[in-house]
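J.: Take a look at the following structure, please.
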Amino acid sequence: MIFENTLSFARKMDRNDSLKKFRTQFHIPKVKGKTALYFTGNSLGLQPKSTKKFIDQELTDWAKLGVEGHFHAKRPWLSYHKFTKKALAQIVGARPSEVVAMNQLTVNLHLMMVSFYKPTAKRYKLIVESGAFPSDQYAFESQVKFHGLNPDDAIVELKPRDGETKIRTEDIVNTINQHGNTVALVLIGAVQYYTGQFFNIKKITETAHAVGAYAGFDCAHAVGNVELDLHKNNVDFAVWCSYKYLNSGAGGIAGAFVHDRHANNNALPRFAGWWGHHEGERFQMKKGFIPMPGVDGWQLSNFPVLSGAAHLASLEIFQAAGIKNLRKKSILLTGFLESLLNDIDKEGKHFTVFTPKNVKERGCQLSIAVKHDGKKVFTKLTKAGVIADWREPGVIRVAPVPLYNTFEDVFLFSEILKKALAK
Ligand SMILES: *Cc1c(COP(=O)(O)O)cnc(C)c1O
């Protein structure tokens, strides 16, 4: 696609956008009375207008029915998690039996590591990306210590080469192969939260399996952003949160994927709870945990219906839009942003974009390292109505989200940035 870096081109793209109606289904925040240029869907997705209706339904059913809502609510609470399965399966490329909405992201990361990180004297290494999201780092470190191991020895960090920011797939493959049969688990953020790199899930999983290790992915920044094909790619497990691209509200219910080949493997150790117990006997209150087949067997607690309702509202929109269509638009939208950025700073005096240039290696986010006075530039953007994300020492992350951002948003952002950079 050849982009013209003009407002009229942006508007033409918006007119021809088959997904344009979805923007009207979201509340877009205002800055000083003007609709904001919102580019932080990678941090907190916007609220669908339908969310209120979904939550109100549960409040109404609770008021009217009390405990009977478990059976007689419009969407009976007892099976509420099941209503999310179809959409989640489509979004992450899985079978409905492989996905479940439950807990919070870091909780799910721990639960999955309990099952898939089972170090032995010989096979104990955990291969992760360097600079992983802090919560993930703390989870890795504490899991390793829990098994009585030394994190400095057990955790192997994949790093970019000197002077590079992306981690090359060939380097990941070589590192896994080097550590060979000492590797217990390869666990990577499918899309890196800071650089925006989208890793090669298929290749990483294949390589991990070839040395006899498991492969898991933290899809916090990938779910609803890129196509994951978790089932086809043979991933062992994945986890994600729902408040970023999935627009399900701050601290909303998270999700997990376990591949169906582990569905009936009761030998996998796990931390159990009653919601993971064999459904038909759940209320017999008997001793002896019998897990449900599939990822459902990893559930612990009864379903949080209010945050689940917000989740469902957003999932309905994803089903209507389709992840393939969203990704198609996303590639254009982010490509347009990239083209505009290149135009603003042809010689790279002001900033560098360190997200991979190859569209297959990124989602919608671009990370911009500002060379001078980054914070000042960011403040100017904010004052001009841009909501973006700031990371010390000088990084601005911008995520044009195909569900509700427009080509015009992206164009206007570039104009504001241009002005903010001018002394
Ligand atoms: C957002 C994010 C988290 C946050 O964890 P919560 O348990 O939802 O608070 C963790 N890991 C990654 C990679 C993230 O992007």
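From the backbone N, Cα and C atoms, a Cβ is placed for every residue, glycine too.
Annotations in TrEMBL come from automatic prediction, not curation.
Sharing the features that TrEMBL gives for it:
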type: BINDING; residues: Leu105, Thr106, Phe133, Pro134, Ser135, Asp136, Asp218, His221, Tyr243, Trp274, Asn302; note: pyridoxal 5'-phosphate binding site
type: DOMAIN; residues: 47-265; note: domain 'Aminotransferase class V'
type: MOD_RES; residues: Lys244; note: N6-(pyridoxal phosphate)lysine
J.: Taking ligand 1 as the reference and 6 angstroms as the Cβ limit (strictly under), which binding-site residues among Asp218, Tyr243, Asn302 are close?
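T.: With ligand 1 as the reference and 6 Å as the Cβ limit, the list reads Asp218.
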J.: Does DSSP put Ser135 (pyridoxal 5'-phosphate binding site) in a helix, in a strand, or in coil?
T.: helix
J.: Tell me the Cβ neighbour count for Phe133 (pyridoxal 5'-phosphate binding site), meaning other Cβ atoms within 10 Å of its Cβ, over all protein chains shown.
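T.: There are 19 such Cβ atoms around Phe133 (pyridoxal 5'-phosphate binding site).
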J.: With every protein chain in view, how many other Cβ atoms are within 10 Å of the Cβ of Leu105 (pyridoxal 5'-phosphate binding site)?
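T.: A count of 26.
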J.: Do me a favour and check the Cα-Cα span between Ser135 (pyridoxal 5'-phosphate binding site) and Lys244 (N6-(pyridoxal phosphate)lysine); whole Å is fine.
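T.: So the Cα of Lys244 (N6-(pyridoxal phosphate)lysine) lies 15 Å away from that of Ser135 (pyridoxal 5'-phosphate binding site).
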J.: Between the Cα atoms of Phe133 (pyridoxal 5'-phosphate binding site) and the residue listed as 'N6-(pyridoxal phosphate)lysine', find the distance and write it as a whole number of Å.
T.: 14
J.: Round to the nearest Å and give the CA-to-CA distance linking Asn302 (pyridoxal 5'-phosphate binding site) with Lys244 (N6-(pyridoxal phosphate)lysine).
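T.: That separation, Cα to Cα, works out to 23 Å.
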